[in-house]
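The structure appears below as structure tokens.
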């Protein structure tokens, strides 16, 4: 149970409300155009976590009335065949968005695969063109997890402008784009990574701490200042069956002002942000007569 003084950032409740809005919008669009947004999902191999995430995305599509096309490929698929499939999706007028579930097998060049996706269908927001637009504050598809984090903070009226933000993790998927969104919102941002000597130096002075590296209990209560906003993006499956984040929740919630739970925090916001991007892609394509 959360401490009485801390506010839980309930990503599940917010995502549920956004899904209701998306479902309503899609119903109106379908009635007017006789078309529905369609998300293409490519899954390579049988990684259990990837299968779980893909199934969650498909179920979310079903809840809002969005079509999907799932391609499950053998782990030994060649880059050429994978690129050919992406090319087909790029030119298919019935496909609104294309998503390649990561991680990919080692023999596949992930960078090349992501660059092969049409930027106008890159609903994951990983294409270099969309990342470049993010950096220059131009309209683009935002990576789903950072987008979800920002929406969650906005919903709870958490001020970012002028605040000190510490981001733990510098991945291309979360840390880097999230740091840019925070910077664009007027924050002073510090990004910590594997070579950072003393993470506490940054977290103890931060108004907002975001962490997503996959290490249970990495962030302790002693590493935070009282009243800090703590956004836990980590997902860790423990041997006892529990799912936890990167934050020592039971102790951190005693000093934090706001904190996301795991699960039902950032995770649901990631998925609903992906759906939002897919709807945006669909609407843009319809305006262009695609």
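Note that Cβ sites are derived from N, Cα and C of the backbone, with glycine treated the same way.
Swiss-Prot lists 169, 170, 171, 194, 235 with the feature NADP(+) binding site. Residue 170 (NADP(+) binding site) carries neither a helix nor a strand DSSP state and counts as coil. Other Cβ atoms within 10 Å of the Cβ of residue 170 (NADP(+) binding site) number 17 in total over all chains.
The Cβ of residue 235 (NADP(+) binding site) lies under 8 Å from the Cβ of 214, 243, 245, 262, 263, 267, each on the same chain and at least six residues away in sequence. Each of the binding-site residues 169, 171, 194 was ranked by the number of other C-beta atoms within 10 Å, and first place falls to 169.
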